[in-house]
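What follows is a short report on a single structure.
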Amino acid sequence: MSHKSDLIATNIQKYLQQRQQKELLRFITCGSVDDGKSTLMGRLLHDSKLIFEDQLASIVADSKKVGTQGDRLDLALLVDGLQSEREQGITIDVAYRYFSTDKRKFIIADTPGHEQYTRNMATGASNCDLAIILIDARKGLQTQTRRHSFICSLLGIKHVIVAVNKMDTVGYSQQIYKSIQDEYLKLAGSLQIPDIRFVPISALDGDNVVSKSPKMPWFRGSPLMHYLETIKIDYAYTDEFRFPVQLVCRPNSEFRGFQGTIVSGSAKIGDTIRVMPSGKITTIKSILSFDGELNEAEAGQSITITTYDEIDISRGDMIVHKDAISHVSSMLRANIVWMSEQPLIEYKDYYIKFLTKQVIGSVNKFNYKTDINTLKEVACGTLELNEIATIELKLSEPVCFDSYQKNRTTGAFIIIDRLTNVTAGAGMVIKPLAANDKKDSTNDYSEFELELNALIRKHFPHWDAKNLRE
């Protein structure tokens, strides 16, 4: 395998150390069918010199058998790995590929363009920081272009690069490129995507992909790879500590710890924490990890927390800092991307899964669904496959969560069919609706303080002590 870095041959340990320290960017390629998404991914891998020699030989052979580019190398075959994908010349599953340059590491999610695979696209986009939306210069904006752009906006992707592909087929026309740019900016006015950039490319020929193309001297911007390497991503959606409890660890009578992965923020020994939804307050006694005891832990780390107080903490609870509480409610408003062939209907019970917490819930009300072509709100009573709607959800018990705009992890949930156990939908919380979202007045006191207050009021009524539970 050839690579730009000479360290692989001279000092492999130093190369691996440098690679580990590089910033990671997760991005998705999306757009309508046959816009060239897989070809673009293949071009990025090929021009970054991250293809093994046997891979290249295999692609050369496959290009002659099932390729769609005549005698030329079909780079899309690098990522269209399923036999059905190669035979049909389309992408069906979400394909993940990994590569790096001198400046960054990348994980690419290549998603399907066909309408029936929109659910796969939503899955691929859920963990991405940036989206490349491809538009065929010959066709302009399609329904799937609008659908994918809207889903990217819903999923909180703040950075979008619009790549106008196949410029070679329209004679590298600046007028066509400008027309598509204006049309997309008009669409973007209805979306919440603050950073949008445009680049005209030919993924097949490599124009403006890794290096600037002399065939489009009128384009004053940078090639696609330059944007990917330099665009600044704000990874910290929130600094508030969120620790969903996955498991209560009790190997013996002397130890009781709470295990899980920190999804945002950080915590250290001695921090005052609150357990949601109960609101009980305690202090962190120790933080344990695979590498031993830690003084502090941050987002992404899997740890075990022990506390000074013996309070009730169970799987599905959320541990937060005392004064940075999450919402607690049994009713909420959310955006839904429906992924099941069976329609979503009112009052039908589903499993609703928030991280480690699973409850039963149903749609209490359809607010509206979104017309993908116009982005207008349309009244509805059901939701079909690949449709997107805003709903009010009623849960069997209060759960803790944040809005999706604030925290993409604690503000997300999935809907599971109770009969088939199939994931039927993906949800993004807008806000809580129930009155029990209000902060409980007892949350300011520990269990010991509440019990002591009750004893004082019982045995010393003449002290006129205030009831802390009221």
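Note that Cβ sites are derived from N, Cα and C of the backbone, with glycine treated the same way.
Swiss-Prot assigns the feature region 'G4' to one of the listed ranges (165-168, 221-224, 237-240, 269-272), namely 165-168. The range from 89-93, 209-213, 229-233, 434-438 that Swiss-Prot describes as region 'G2' is residues 89-93.
The binding-site residues examined here are GLY31, ASP34, LYS37, MET167; by Cβ neighbour count within 10 Å, the least packed of them is ASP34.
For the recorded site, MET167 (GTP binding site), the DSSP three-state label reads helix. Across the region 'G1' (31-38), the DSSP tally of helix, strand and coil residues reads 2 helix, 1 strand, 5 coil.
Model confidence over the region 'G4' (165-168) stands at 94, taken as the mean pLDDT rounded to a whole number.
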